[in-house]
Structures are given as C-alpha cells and as structure tokens.
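Below is one structure, written out as structure tokens, with a few remarks after it.
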C-alpha cells in the first residue's frame, strides 16, 4: 500500500529528476544557440510546458495527500472533501494524457527539424505520424468529456456517479493509442538512422536511447494490465485492500512512464554536449598545427575526421547541432557550438 506520505515523496523525487534533466538541457541548448542566428526553441518550449503542467498537477496532488494525512483515520471524509477529491482525480487523469501527448509532440518537433534532410518515405511517415498523434489526442479528449454526461456526474456522490477511469473500454482505446504512437515514434527514429554508419560509442548511444524510450511503453502496457485486473468482471466486490493495491501499482506505472519518457525526449541535447567535449579534446591536440606553415591543412583534417565513416555529416546522432544551426565544419568546436 502506498500511503499519502510515500506518494508525496515519490512525486517530488520524480519532479526533481525532471527539473534537473530539463535544466541541464536548457544549459546545453543556450550554449549551442549563443551564436546561432536562427535558433530553434520549439522543442524546448514544449518540454517547458510539460514541466509547468506537471508542477501544477503535482502541487494539487500534494495538497490532496496532505489533506488525507490531516484527516482522522477513524472517520469518513466530509462530503465536500470527497467531491473535491473526485474532481482532482478527474483532472489528474486528463492532465496525464496531456503530458503524455506533449512528450510525443516534443519528439515530433525534433524530427521535423530534419524534414529537409530525411528521405521521401520518412517524410511521408512523419506527416502520417503527426496526423495520428493529433487525431488520437482529440479522440482521447472527447472520450474523457463525453463518457459521463453531464460532466458533474464524474464527481457526484449519488447513484448517478460515473467515472471515465472505471470504463475498461476507455482504457483500452487510450492505451492502444498511446502504445501504437510510441512504437511508431521509435520506428521512425530507427528509419532515419537506418542508412547512417556509426562508431561503437554512437551505437551504444542509440541502444541507450532506445532502452530509455522502451521503458514508457512497458509501463503503459503494465498500466493496461493493472486496469484490466482491477476492473475484471470477476472482481464484483473489491475489498479496500484490492483497490488500494491496484491504485498504488497504477500510480507507480504512470510515474515511471512519464518520467522516463520526458528523459528520453531531452536526451538528444546531451548528445550534442558530449560530442562537443570530445571535439574540444581533439581540437586541443591539433591546434598547434594551425600555427605551422600549413595553416589550413589542419582545419581540413578536422573537418574530414568528423565526416569520416558517415556520408551524412548533418546527423551522426548529434540531433541538437542542426537545431542550433551549427553546420560549419571548419570552425573550432567551441565556436561552432557557441561556446
């Protein structure tokens, strides 16, 4: 059983991780865009919106849990408090889907930065996937609002109570839309990288990225299983212990899904940072050649070394370099990245 106190700790631990990852991404992006004439901040704006929405949602959830801690365990909550708890539950379910689909939008935003570079088939797939993400979000929004009409039934204490969260077909549709779009996002990412060659470190970077990206999908699948078990027909009269256990596992699965998905959306920027550090070390080893008789030879060698083994110099998994507008192969690394 997850108590209100444990819920508060888990909530803000995940939120602190989110804050740290987002702050690190912003720091890297500001360094990259310092000298860029046309910086692209759309992905960062979407991620910032996610952080803001999550902060408000966790603040409300913390308030609810604090109220539960203050309540007398031996007495039933007042009717007004019960109505407020149901309203918060309804709002949190909707906010969960908003955050999940905003994370998908952040991935799509990154992919759209390469729309002029990818193949025609990948571009068509990107158009279709964008339309699919928009359509599924509209479908889920309508489902949440139209399942229980009038909407006040979602927090009614009378016999007319109706909760979209207790409809197994609602969960089936939303979970299917969530998992399918995630799989398509990963598939498109693999398709973009398919014809590029990478070194050992780059391959491990791809494996790490795909592993992090797979965790939210597994968490979403776990969430469906939990809901199916909690709402199965044989469980006509669940005990409070059953309800508490299912809710606790469902809560953990949702936390893991959202946190890991957000981290995966932020990862490309950190790839650019570590790439810059590697280039700076290489540049420091060859900088003395710039003062020799062949002033331009070293620059050419540095440029060719970065293109070695990769016919597409715009990629090499350094997604954020293109976002920062840095495509000049002849400048020293820190100047290219705006450092």
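Cβ coordinates come from backbone N, Cα and C, glycine included.
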Annotated range (TrEMBL: transmembrane segment) out of 26-44, 45-63: 45-63
Of 45-63, 94-114, 126-155, 175-193, 249-270, whichever stretch has the most CB pairs under 8 A to the transmembrane segment (205-229): 249-270
